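*Asks:* Pasting a structure below so you can have a look.
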Amino acid sequence: MWLLALCLVGLAGAQRGGGGPGGGAPGGPGLGLGSLGEERFPVVNTAYGRVRGVRRELNNEILGPVVQFLGVPYATPPLGARRFQPPEAPASWPGVRNATTLPPACPQNLHGALPAIMLPVWFTDNLEAAATYVQNQSEDCLYLNLYVPTEDGPLTKKRDEATLNPPDTDIRDSGKKPVMLFLHGGSYMEGTGNMFDGSVLAAYGNVIVATLNYRLGVLGFLSTGDQAAKGNYGLLDQIQALRWLSENIAHFGGDPERITIFGSGAGASCVNLLILSHHSEGLFQKAIAQSGTAISSWSVNYQPLKYTRLLAAKVGCDREDSTEAVECLRRKSSRELVDQDVQPARYHIAFGPVVDGDVVPDDPEILMQQGEFLNYDMLIGVNQGEGLKFVEDSAESEDGVSASAFDFTVSNFVDNLYGYPEGKDVLRETIKFMYTDWADRDNGEMRRKTLLALFTDHQWVAPAVATAKLHADYQSPVYFYTFYHHCQAEGRPEWADAAHGDELPYVFGVPMVGATDLFPCNFSKNDVMLSAVVMTYWTNFAKTGDPNQPVPQDTKFIHTKPNRFEEVVWSKFNSKEKQYLHIGLKPRVRDNYRANKVAFWLELVPHLHNLHTELFTTTTRLPPYATRWPPRTPGPGTSGTRRPPPPATLPPESDIDLGPRAYDRFPGDSRDYSTELSVTVAVGASLLFLNILAFAALYYKRDRRQELRCRRLSPPGGSGSGVPGGGPLLPTAGRELPPEEELVSLQLKRGGGVGADPAEALRPACPPDYTLALRRAPDDVPLLAPGALTLLPSGLGPPPPPPPPSLHPFGPFPPPPPTATSHNNTLPHPHSTTRV
């Protein structure tokens with residue numbers, strides 16, 4: 001009898017396991033959630049082998065258990081010759097791989113000189129706790145962490161009780177669950193996905209949450225501007241992780257057709273860049289950008305070669321040939337490379353995403369204007385006081401900021417972002433005027449408040465609003481929020497608002513399980529309620545693309561007080577009203593967030609910058625850094641002009657500054673001041689005339705852009721674009737060109753003569769967009785090297801042969817004929833180092 005009973009138990013176990021060690025029938029969809037909930041160490045089949053996870057209980061009675069799969073490889077380790085290369089798919093492994101402990105973090109220098117102003121406040125305020133998450137570092141760091149719920153979360157149960165309807169198949173365990181992949185921030189230099197436990201978000205929202213490690217700093221973003229080191233390896237790691245999820249997440253009960261990427265800070269910038277990249281097309285459907293976009297000054301590196309040369313010089317790899325230099329860098333230890341102090345210009349980055357013509361095909365704002373992100377639903381927002389770390393250094397005491405400190409901070413801000421001598425005075429005084437509370441101008445606390453608003457508006461608010469507007473211009477779904485709450489923590493100034501990164505504990509449900517080492521807050525019931533609200537919005541968006549559906553806001557099971565969010569309907573953002581949701585203890589839907597200040601940065605400041613360029617065309621500007629790796633000896637035939645093209649050589653070795661960037665001084669002013677009065681009158685009259693012309697051009701350009709948008713949205717019948725995302729077609733024989741393309745074609749023909757500048761031939765006749773003009777700087781640098789090769793769409797294997805010359809937005813532009821004074825003419829739009 002006992003033998004019969006044993007056989008029956010074994011048969012029942014085999015049926016419960018689905019006939020295989022992975023918990024799913026061979027060839028079936030994968031592990032059933034019932035098996036996940038019953039086994040302590042469940043095993044799942046993937047395309048590369050079996051992985052064993054661990055079931056964990058959460059410290060909250062309303063949350064069910066979660067199975068964690070920690071350290072699942074999504075790519076081959078980028079070691080040896082694979083350093084500075086796109087990631088490859090992981091190799092298969094025999095047997096069962098344990099996925100029960102966190103993987104190593106990617107190499108980084110947590111105690112380096114990276115400016116704290118760009119890091120989240122919880123990171124800098126708890127640096128010792130953050131260091132414990134990155135003590136175990138290795139170049140073999142390309143791993144995912146998966147958090148899979150084992151039963152329906154409280155949102156599903158609450159919905160069923162409230163509506164008395166049958167369970168919604170979209171959010172029950174009988175259907176595939178939405179997937180949310182989190183991209184961590186840290187200025188592309190620091191951080192790890194291990195810091196973010198997705199268990200509460202997964203259990204409460206009934207979604208699968210994934211975090212990942214991707215290559216950082218020099219190992220993730222070093223670029224020489226040519227095929228020796230193309231850059232953007234960190235972005236390609238994220239794309240490879242998305243490929244892995246699309247291929248394998250069904251085995252864990254996830255839906256590969258409902259993948260949402262979300263991130264904060266630099267992670268949000270990566271979200272924005274992945275939206276614009278054709279490499280990630282079809283790999284995800286929705287995106288959430290928390291406190292970051294691709295058009296902030298710190299989002300994209302427009303001087304990659306400059307910092308690569310500085311690093312190479314520091315470690316003894318300063319070679320004349322870029323390939324030799326990269327090979328030398330490959331032979332160095334990761335620790336030696338990461339520990340080098342290569343300081344970026346303030347408000348910028350030394351190693352980060354670059355416009356390579358492939359992964360990032362063009363300037364992100366140009367791609368947005370072309371409608372390259374039409375296929376994605378988007379949720380984007382900012383925190384009330386993002387710029388806290390910018391102001392703390394200027395706050396001399398609890399009494400606020402003195403008048404002299406205010407003036408110095410604004411001057412330093414203008415110097416670091418714009419750098420030109422005469423025009424900065426006008427811009428500096430204009431900024432001071434706009435951010436002075438004239439009703440209480442002598443109040444130090446008010447000066448501190450307006451200074452905080454200045455940095456928040458410039459670095460976060462204006463770029464976020466511009467991004468949302470560009471998205472909404474094409475009638476694509478976008479929701480905008482502002483976050484107005486932060487937890488009570490020691491060391492936080494009483495005057496501080498919700499700073500950079502303060503939304504993260506609420507997104508990941510930390511208040512529901514209590515304080516952690518990274519978030520040592522005194523969480524109240526209000527914090528728990530607000531966290532439930534945020535998780536409901538975020539997971540609703542992942543399920544349907546609408547944060548209001550399918551689960552209504554209701555937290556009576558958490559808080560005895562009524563939830564004010566129950567009566568709020570989060571409206572879509574549109575280009576006219578610009579509606580947004582105020583997320584705080586007193587929620588409300590409003591419109592036109594900080595409209596005056598946003599218009600100041602997006603409209604007036606670029607206009608002032610353009611006026612300066614026109615007025616001071618006689619100013620000789622120093623040559624910028626090149627974008628290709630050139631020999632250190634200057635080429636023959638180089639001659640100076642009023643507006644010199646980017647040279648083919650770097651300054652002499654003695655001119656390379658290995659320390660923090662310092663802007664070079666311009667030649668002295670040689671104007672004749674004997675007739676100051678007449679010159680002043682003449683300049684004043686000229687300014688008036690130029691203002692009239694500029695504003696007339698502005699209104700004309702707005703009308704013109706609206707007309708072009710209508711043409712993009714309503715193409716002529718029978719003429720498909722043939723370009724993903726609605727990009728422009730190439731002029732081809734036998735096809736009638738639209739007026740704007742015909743104009744560019746005529747310019748190309750007209751500029752093809754001997755001695756013509758190809759860069760001028762490729763430049764559109766219409767004036768540059770004001771928000772693009774805002775990013776002009778004295779050391780403008782075009783980015784795409786003429787010899788750059790495209791990456792394979794899969795990111796695997798050797799590069800393909802060079803494609804034929806093309807102006808396709810996803811391919812490289814044809815290089816100019818080599819000359820002694822040739823420079824990078826490969827982009828149709830100029831790029832710069834300074835952004836909104």
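Even glycines carry a Cβ here, placed using N, Cα and C.
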*Asks:* Pick from ASN136, ASN824: which does Swiss-Prot describe as N-linked glycosylation site?
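*Replies:* The residue tagged N-linked glycosylation site by Swiss-Prot is ASN136.
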*Asks:* Given a separation of at least six residues and a C-beta threshold under 8 Å, show me what packs close to CYS521 (disulfide bond) in the same chain.
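*Replies:* Listed in sequence order, they are CYS487, GLN488, ALA489, PRO505, VAL510, PRO511, ALA515, ASP527.
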*Asks:* Which secondary structure state does DSSP assign to CYS328 (disulfide bond), in the simple three-class scheme?
*Replies:* helix
*Asks:* Rounded to an integer, what is the Cα-Cα distance in Å between CYS106 (disulfide bond) and ASN136 (N-linked glycosylation site)?
*Replies:* 9
*Asks:* By a simple count of other Cβ atoms within 10 Å, which of CYS106, CYS141, CYS317, CYS328, CYS487, the disulfide-bonded residues in the record, is least packed?
*Replies:* CYS328
*Asks:* So for ASN136 (N-linked glycosylation site), how many other CB atoms are inside 10 Å of its CB?
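*Replies:* Counting Cβ neighbours of ASN136 (N-linked glycosylation site) within 10 Å gives 14.
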